[in-house]
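Per TrEMBL, the features are:
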DOMAIN    70-511  domain 'Major facilitator superfamily (MFS) profile'
TRANSMEM  65-83  transmembrane segment
TRANSMEM  109-128  transmembrane segment
TRANSMEM  140-159  transmembrane segment
TRANSMEM  165-187  transmembrane segment
TRANSMEM  199-219  transmembrane segment
TRANSMEM  231-250  transmembrane segment
TRANSMEM  321-341  transmembrane segment
TRANSMEM  353-377  transmembrane segment
TRANSMEM  384-407  transmembrane segment
TRANSMEM  427-447  transmembrane segment
TRANSMEM  459-480  transmembrane segment
TRANSMEM  486-506  transmembrane segment
Amino acid sequence: MSYTGSDPEKFNEDKQVVTEHFHIERIKDVSAAKDVDKVIEVRSGALAAATTKAGRLDPWSKDSLLLYWCCFVAFLCSCANGYDGSLMTAINIMPFYQDRINHGTVGEGTGIIFSIYTIGGLVGPWFAGPLTDRLGRRGGMFCGGLIICIGSAVIASSMHRAQFIAGRFILGFGVSIMTCAAPSYIIEVSPPQWRSRMTAFYNCGWFGGSIPAAGITLGTQKINSDWQWRLPLIFQAVPSLIVMISVFFLPESPRWLLANSRDDEALAFLTRFHGNNDPTNPVVELEWQEFKESISVDGADKRWWDYSELFKTRSARWRSLMVILMGVFGQFSGNGLGYFNTQIYQAVGYGNYMQFVLNLANSITSAAGALTGVALSDRMPRRLALVWGTFGSAVFLAINGALSAVWAHQPAGQQNLSVGRGAVAAYFFFNIVYSFAYTPLQALYPVECLQTTARAKGMAMYGVVVNLLNFINQFAGPIALQNIKYNYVFIFVGWDLVETVLWYIFCIETNGRTLEELEEVFAEKNPIKASKVKRRVAIKKDGGIALVE
């Protein structure tokens with residue numbers, strides 16, 4: 001096995017683990033080995049050896065199907081968040097909602113209604129981390145779902161503005177708990193071979209919520225009563241109800257079980273779901289060895305008030321930096337404009353009905369971009385996606401802003417419709433590129449970067465950062481659109497270019513390693529350089545594996 005990077009000490013350690021544990025042959029001269037079919041580069045020699053020797057998991061076995069259901073239940077937790085974004089965009093222009101609750105589609109009043117959801121999201125994470133550590137990942141999802149159902153009842157029955165705002169706060173509080181527990185759960189139950197796709201798919205739940213919300217509001221906008229906006233708010237509770245009914249029929253996270261001294265249950269889970277029911281499966285043996293070495297039974301996750309594992313070591317600070325960067329950049333790259341899609345479409349000449357149609361179409365095309373990113377997530381480097389995805393987002397936002405400016409300066413009634421359509425097309429392409437790069441990684445990258453005993457509280461910290469940025473987006477957004485109109489877009493163009501540079505400088509590659517192996521990367525003096533190190537592995541014609549020295 002050979003490195004395409006540096007650090008011979010780590011090379012020797014990894015080589016010894018792989019060759020001794022799995023009895024793998026080592027090759028010095030590949031050209032002289034006649035039984036070698038091809039040579040590939042991997043980031044983890046141990047994982048490559050284990051998965052090759054173990055063979056593939058049966059994707060249609062009963063146990064695999066149960067894992068897919070685990071993934072879907074976690075996906076529904078994200079649906080609750082996505083539903084709200086598309087829902088509020090649509091009901092904000094419904095006349096019966098405006099008469100009953102709000103007066104004006106932009107401005108400070110609208111900003112308060114939109115942003116109070118994120119205030120709940122800022123409070124919730126302080127309970128979410130300890131709750132998810134104490135009750136388990138499943139318990140966290142259940143509690144979050146229960147609170148969302150209460151919030152839906154409060155907001156859907158609102159007779160005045162104050163009750164509506166209270167319901168928005170409760171919803172934000174509940175969603176913050178679900179979105180702390182669910183990504184932690186799905187990454188911890190996923191086999192290492194499927195980890196990226198299953199966890200990346202979780203965050204596509206945003207579109208699993210936003211597309212139905214856009215479709216439902218497109219239908220209910222024809223109702224000539226308060227049910228025009230009340231019905232979509234009632235449907236907001238549906239994903240959470242399914243989660244509450246299902247979650248305790250699912251297996252608990254094996255990492256949480258081991259961290260709580262339930263070793264037999266943890267090993268039984270790995271054997272059943274990661275090892276084709278074979279306790280000697282190489283993947284099971286590798287994971288169990290790494291679990292025992294890295295998961296503490298008396299860590300900070302047992303103390304609700306202790307967040308020290310997020311910052312007490314150099315490795316922990318690097319991990320937390322990656323989480324914070326994703327929290328900031330994932331919410332402040334221009335995607336916050338999505339709460340005001342209808343105002344953007346109105347600004348370039350589209351009428352009320354077409355605003356609803358374009359809102360639905362934008363959700364569908366964005367979902368296509370996100371699902372493409374999910375499909376490639378097992379192979380696509382995180383650095384590549386984030387650097388180029390952020391740069392592409394800046395380009396399309398700049399085009400949208402420029403065409404919106406041209407439209408705004410044309411005489412009323414004489415505008416060139418092609419300019420308005422071009423502005424909308426650029427905005428659609430921005431959302432597709434953003435969704436391709438960020439939507440799969442917004443949940444996947446933070447949970448990959450966090451250790452097991454710090455994962456729930458780390459995701460709670462992530463939730464605070466996300467909701468703080470969402471508060472800025474949702475409170476300042478309508479005020480900015482009212483005052484500086486299309487020029488608001490150019491703020492994000494400049495910031496996206498800054499993000500591109502920062503991702504290039506600081507982003508640590510997490511693809512291709514087990515969660516426990518990443519500790520070695522983050523502990524390095526230069527974790528960015530260490531994360532880009534690759535090993536060469538020879539694949540034999542008979543399907544075997546050898547390590548190239």
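Just so you know, glycine gets a Cβ as well, placed from its N, Cα and C.
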Selection from 65-83, 165-187, 199-219, 353-377, 459-480, the stretch that has most Cβ pairs under 8 A to the transmembrane segment (427-447) = 353-377
Task = Answer yes if the transmembrane segment (486-506) and the transmembrane segment (199-219) have at least three CB pairs under 8 Å among residue pairs 6 or more apart in sequence, and no otherwise.
result = no
Message = Are the transmembrane segment (321-341) and the transmembrane segment (231-250) close enough to be called in contact, which here means at least 3 C-beta pairs under 8 A that are separated by 6 or more residues?
response = no
Inquiry  = For the transmembrane segment (353-377), I need the partner stretch with the highest count of C-beta pairs below 8 angstroms, choosing only from 109-128, 140-159, 165-187, 199-219, 459-480.
reply    = 199-219
Task = With the transmembrane segment (65-83) as the reference, find which of 140-159, 165-187, 199-219, 231-250 contributes the most Cβ pairs under 8 Å.
result = 199-219
Query = Can we call the transmembrane segment (459-480) and the transmembrane segment (199-219) in contact, meaning three or more C-beta pairs below 8 angstroms at a sequence separation of 6+?
reply = no
Message = If we skip the immediate neighbours and take only residues 6+ beyond the ends of the transmembrane segment (231-250), which ones have a Cβ under 8 Å from one of its Cβ atoms?
response = 66, 69-70, 73, 76-77, 79-80, 83-84, 87, 90-91, 138, 141-142, 144-146, 148-149, 152-153, 155-156, 171, 174, 178, 208-209, 212-213, 216-217, 220, 223
Inquiry  = Which residues of the chain, 6 or more past the ends of the transmembrane segment (165-187), have a CB below 8 A from one of its CBs?
reply    = 70-71, 74, 77-78, 80-81, 84, 112-113, 116-125, 127-129, 131-132, 137-141, 143-152, 154-156, 158, 195, 198-199, 202-203, 236, 240, 243, 253, 443-444, 446-448, 455-456, 459-460, 462-463, 467, 515
Query = Mind checking which residues reach the transmembrane segment (140-159)? Cβ under 8 Å, same chain, six or more beyond either end.
reply = 73-74, 77, 80, 100-101, 128, 131-132, 166-182, 184-185, 230, 233-234, 236-237, 240-241, 243-244, 247-248, 456
Message = Restricting to the domain 'Major facilitator superfamily (MFS) profile' (70-511), what is the model's mean pLDDT?
response = 89
